[in-house]
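Scroll down for the structure; my scribbles are underneath it.
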């Protein structure tokens, strides 16, 4: 029945136009064409003469010409026609308007939508006549035309709307209505709307929406209308509402000047864009091409659910609607029906693919077309590990240093003026003793004070005053730079000293210690991300795409698009964190732009997608507890480097006890440190002399250096170093060496055109000194390195551990997202990506933890030994240094097997220095295993998995960047093929392109016997060093891949190893790219290439890594906790009553209903898997910190906290034997939606975990905010003991949340138990254990499930450690099998204690109160929540 009959052909109008599929060879690359010269009947006769070999599904487009011929429609139809079995027919406007529906050409699928002038009645009649498959329901389009019906449907679906009322007027008697108008309000049907409010016509076709302002704001109204030129609204002084017509009156939502437009394609895909609100000023912002400026935004999890609900409720597959984000909530204010995204090639690809698959899935069975939805790599992200096995990628964690920056500069001065103290108090400096000022208004206040003091000091001359005047002048000049405050490139830090600053690092000689308190003012400027740094970050982001699966097939488009499509769904859980430094945040934004193929400026990307981690210590280094250790190290370092004698054996032992190769090489270059410092100082003097001479040259008057620097600023930079490096005593300030190296490296790279003499020698000597000073400042011995490192990055280590452990907790994901099965093997799987952008200190520290913390025994692990040797040869962790942890899951292994989860550790030293090839080549990896050597070999290579399709187009952003051809070496044989899965061989194909060569993210080095060249492999790009892939212990078979995909393999040839070793490993940055006008980086100097990732180890298990991280955190928790407690106690005595750590004040809102974690949300059903897009990072596990919703089906905030706390126990202390227990959840693909997920845990793991919790030394607190902070990574010791604070203030404790009662109760319970233990020590294990369980049940009034919620239960009732004998604690894990025997007795005992001391009702009321406080705190304070919310935790 697929063919058209002759009668139907004769009846069709001659004005209908046909789009034919890509099967026609003459239609060119676009795949479609429009026949306008022939009549339709002739066309059909031709088709009948050439009976098509295959059935065709005809897709009819029924819309007004303006819509059906629009650019988005044309782009999507072009792509739709690439489906072999689809033929697209466009009904002409004349046919639609003038022909009866019986004469309209028949079709099997109809895409029809209403717009101005469209006869919707005829379209409905046609659909009844032909009964086609409707993409957008036609009857519901009547409702979409009436805003009253739209709001009614939205309300019925439980979707949040602004508060509104409908005013219906009878046209005959418009004065008869329920409207009472006041000066600053209107009352509609009894509902009062104070100004500002919005007045909307009930007809959706009427775009004359008015917003009325209150008289206090000047009154009048803003009149919105459909865009006319560059205007979308005008202001009117008229303040009275309209007197004729029916309207909807609704509350005005303050949206910070932006509207969010959401575009769905089916219930499972949504794209969101933000635009300037037309209500702001009415001016439409347009780009250079005249298009309205929009930028992609990320939708929160709840907003994605709204998109699905809107799509389903209105039965519109393609549907657009408007979101207002205000007050931490999102509201739907309009549903537009059929609507496309404009100017997004990625959206066009995805839209056509989804529509085509939808049509084929619905209609293909009727025509016996052999078709099924292809299982793609983004459905199951199975990729090759570097060891060659095929596994599912589950988690990518990357810690990345910021990009190239301008030299950092710093000035310190002591201030005692009352105005500075007033400023310090105004911004809350006394709460912590420190204050950081970055915002423009804050810097303006500092500048105002500085100007005032300078005016006063002019009247008081004197030597001391002159020095202070000089510093104030410098402070003033720096703050006045650029003529504006960006808040990114300058900051002022104030530190309170109760007895004055004891010493000044600036070399000031204070005659006596001032008795009065003073403030140390530290001004920092410079350190801005350069255009080169932006290019580096953006390009590295593009390269990172290639670590992710997908992107193969006809819709690949460009390298890495698999990640983009993955990210457009629920399946990519991406969060990007950055410290509060401007260069770090801009690096993160540029990286996100490249990673997600975003467009536009970095600022909106930064605002939308990069989370600041500066409030929790996650990525910033303000740890004071380790300053003593660092001072000792620096003092010893300075002492050694101040010796005017060649290095002797003792110096080598003292300075390089770890035997680092790079350190020994630098020391051999230095020989005598003082003599080298003399040379460096002389070269700096010569340099400043050359700059002064150049400034006298008239031709250099207007000379502009890199990044708009002038010769004056350059001289100022070097003169300060010249003054500070050699002190008055003649000794050298070793701490200035990194700054000197920083400056000369910057000038050699960016200002080489000046031709200054001696810079190369200065670079060589300062680098040698810096290569000693910088790494050794983080510790000289192994123990010092680990101690200092953990002090810097303990919160980050905990966060990494949490990230790794929560990857298999799919159940918590399901609670927030409709992950419906699409028939794939594992529909709900996610790739969890966490990117942490930070500064050099954290990268050094984290690497030190892995190198010296005892991850593996290098004497027993040859691969780790080679990795340590490679790291030892790295002299500098340059810009864009990366430490990448990748977690894979082997679904063929037993869930409890240690081989189930596979961890790889990768590293890159960042951008290449000015000395090309200064970093060592990667060492390559072939895990030495007798099993590997004995196995039969099989030809194949990972890299041959990258087929180059002629039809694939290169990355559009990289088309202008020609790359040199690089031969990619491939091993001839690769043994031990295992774990290969059907349909999983398309990995890394997103890296193929039509370019002759590409950026390879893995460098090459291989024995000559294993080298061969392949036409496929040579066109691959890759993120990792081919050393890893070539030396892998196993790899998929290339022949199998070619056989599966029908590809012909080109002949292979040998390529000598040396040719590969000396080809630059990475050639992705080029002058042509940097200077191309479309890339916006004109004036960039040569951007250095980045070293590829080298695999440090590719055979780690998750248990190994988890135990290692837990051990490192545990080892340093106690001492750190004591130091922090002492610091807090001392500061608490001086703090005001509004202590920042006190519990949140009680707010009033209905308490949230707790739901058990295994319960499925009410909307969970068995539809297709969700693929909702948000063009920006989305969290499939949590709600965005800035958006909390009141939808009827949302999970409670407390539920989310419980889920977060499940992983928290893994961050804390381990049982007596130091081995944590892990609860691995099985995949839920076989369960019904109503069934709770099956949790499998080792026998006794529940009991071990609970006992573990009772023995932990963790602050005793109920306050949920503490738990949130702890999960983010704040060290336990840095969060004060809330119970102790509240005990000091009994009124606060009684009136707020009374957290101490539960703690006291638990103590009494344990005292009772310990008394029993003395009589019967064998039962002590059971008693302590089970009381915890029963107490948790009674306090929380819900059962404690095995292996899942024990952490949060005990966390909230406190953990008294002093009452538990150490010996029984150690024996708990050995006797877990006997614990259930005494359950009833313990239950009765604990019940008696509860009844005696405190009724359980009171405890449960406290719990409800806390839940209420947390939910309201989150709703009321979105700024704080942005830092502390669950989304930030995940």
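Think of each number as a place in line: the chain as shown, counted from 1.
Using the three backbone atoms N, Cα and C, a Cβ is placed for every residue, glycine included.
Swiss-Prot annotations:
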BINDING   147, 200, 207, 226, 250-253, 259-261, 277, 322, 334-336  ATP binding site
REGION    384-455  region 'Polyphosphoinositide-binding domain'
MOD_RES   941  phosphoserine
MOD_RES   984  phosphoserine
MOD_RES   1034  phosphoserine
MOD_RES   1070  phosphoserine
MOD_RES   1142  phosphoserine
MOD_RES   1149  phosphoserine
COMPBIAS  1165-1183  compositional bias 'Low complexity'
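Here the features listed in Swiss-Prot are placed on the structure.
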| residue | record | Cβ contacts under 8 Å, 6 or more apart |
| --- | --- | --- |
| 147 | ATP binding site | 200, 201, 202, 203, 204, 248, 334 |
| 207 | ATP binding site | 224, 225, 226 |
| 250 | ATP binding site | 161, 162, 163, 164, 165, 193, 197, 198, 200, 333 |
| 252 | ATP binding site | 162, 195, 196, 197, 198, 211 |
| 261 | ATP binding site | 272, 273, 274, 275, 294, 320, 321, 322, 323 |
| 335 | ATP binding site | 144, 150, 154, 310, 314, 319, 320, 321, 322 |
Quiz item: So what's the average pLDDT for the region 'Polyphosphoinositide-binding domain' (384-455)?
Solution: 87
Quiz item: Which of these binding-site residues has the least crowded Cβ, counting other Cβ atoms within 10 Å: 259, 322?
Solution: 322
Exercise. List the helix, strand and coil residue totals of the region 'Polyphosphoinositide-binding domain' (384-455) as derived from DSSP.
Key: 28 helix, 26 strand, 18 coil
Quiz item: Looking only at DSSP and grouping its letters into three states, which state does residue 261 (ATP binding site) belong to?
Solution: strand
Quiz prompt | Per DSSP, three-state class assigned to residue 147 (ATP binding site) | solution = helix
